[in-house]
Amino acid sequence: MSNKINPKRREPTAAAAAAVAAGVGGGVGGGASGVATANTNTTGSSSTGGSSSAGTTSSANTSSSSSSSLSSAGGGDAGMSADLTSLFECPVCFDYVLPPILQCSSGHLVCVSCRSKLTCCPTCRGPLANIRNLAMEKVASNVKFPCKHSGYGCTASLVYTEKTEHEETCECRPYLCPCPGASCKWQGPLDLVMQHLMMSHKSITTLQGEDIVFLATDINLPGAVDWVMMQSCFGHHFMLVLEKQEKYDGHQQFFAIVQLIGSRKEAENFVYRLELNGNRRRLTWEAMPRSIHEGVASAIHNSDCLVFDTSIAQLFADNGNLGINVTISLV
């Protein structure tokens, strides 16, 4: 039984407004092969960066509430700790203001992210001065802050120096849409990922069984292209991704990889095998599937997947279509 998935192009991919002004799912089949149509990508990759500059160091003015709470820094009482962390809330985004902490001339704080978008203090409308608040920085070093993913179930309390690193890999952080491309901005808990795919990405075909054939059509399309298919077996769902991109100037390559709709710990229970077979030739790749928490971008960047160029693809292709045998096994 064969299902087809046709090519399509991938479309390219505010702090408080008042403050700124003052500054899978498709058909489920029981067949053994599915056809994935291409999604062409017109967007490039981008990176963002930021910088912060430390201004004048002074014994900064602090509000009376800050002063009255300083003696409690480092205390063990949970309620008092919560009171202290509330002093660090940014009045614009309600995230925490962490060192280096800058204040306005009246002692009001705002986080670095929002500060870059403002022309005046969101609290008093006074000028934003580059004044370091050393007293609040000292308090911050003795306070434990909740993980920003606490709403998703994380119970960690962290000193500010460990907060960013923890949050980047927190197991409770929301899952992003696993589909290639930057057009879908959905994020949410793991148990809603499949529901999202079924509702918002209905063109993706799902095949049942641990052995299937992933048939990518029109592999000779120019530009950046991707093919996606779902595979369901062992009570889990796997997403098969084939991307064609120009990783080096003038040299297009194919990257094939499998990711589990699940956590990294769950992914450790499986191994996947990709095989190109035909014309008395065979090309194989075997590895642990990626968790969708990790995504596939870093694996593709590091070539930690099945990689082959367009000339190799032509050795296995039939009239512009490429079949990849996919096998999922329990470890």
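From the backbone N, Cα and C atoms, a Cβ is placed for every residue, glycine too.
Now, the feature entries from Swiss-Prot:
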{"type": "BINDING", "residues": "C147, C154, H166, C170", "note": "Zn(2+) 1 binding site"}
{"type": "BINDING", "residues": "C177, C184, H196, H201", "note": "Zn(2+) 2 binding site"}
{"type": "COMPBIAS", "residues": "34-72", "note": "compositional bias 'Low complexity'"}
{"type": "REGION", "residues": "32-72", "note": "region 'Disordered'"}
{"type": "REGION", "residues": "139-331", "note": "region 'SBD'"}
{"type": "ZN_FING", "residues": "90-125", "note": "zinc finger"}
{"type": "ZN_FING", "residues": "142-202", "note": "zinc finger"}
Given C154 (Zn(2+) 1 binding site) and C184 (Zn(2+) 2 binding site), what distance in Å do their CA atoms have, once rounded to a whole number? 25
Just give me the nearest neighbour of C147 (Zn(2+) 1 binding site) among the binding-site residues C177, C184, H196, H201, Cα to Cα. C177
Tell me which residues of the chain lie with their Cβ under 8 angstroms from that of H196 (Zn(2+) 2 binding site), as long as they are six or more apart in sequence? C177, W186, G188
Given the binding-site residues H166, H201, which one has the fewest other C-beta atoms within 10 angstroms of its C-beta? H166
Where DSSP helix means H, G or I and strand means E or B, what are the helix, strand and coil counts for the zinc finger (90-125)? 4 helix, 4 strand, 28 coil
For C177 (Zn(2+) 2 binding site), list the number of other Cβ atoms lying within 10 Å of its Cβ atom. 19
For the recorded Zn(2+) 2 site, whose residues are C177, C184, H196, H201, find every other residue on that chain with a C-beta no more than 8 angstroms from the centre of their C-beta atoms, and list them by sequence position. P178, C179, W186, L197, S200
Counting across all protein chains shown, how many other Cβ atoms sit within 10 Å of the Cβ of C154 (Zn(2+) 1 binding site)? 18
Other residues near the Zn(2+) 1 site, CB within 8 A of the CB centroid of C147, C154, H166, C170? K148, H149, S150, A156, L158, E167, E171, C172, R173
Just to be sure I understand, if DSSP states are collapsed into helix, strand and coil, how many residues of the zinc finger (142-202) fall in each? 24 helix, 8 strand, 29 coil
H201 (Zn(2+) 2 binding site) and C170 (Zn(2+) 1 binding site), compared by Cα position, are separated in whole Å by 27
Cα separation, C184 (Zn(2+) 2 binding site) to H166 (Zn(2+) 1 binding site) (Å, whole number): 25
Between C184 (Zn(2+) 2 binding site) and C170 (Zn(2+) 1 binding site): CA-CA distance (Å): 22
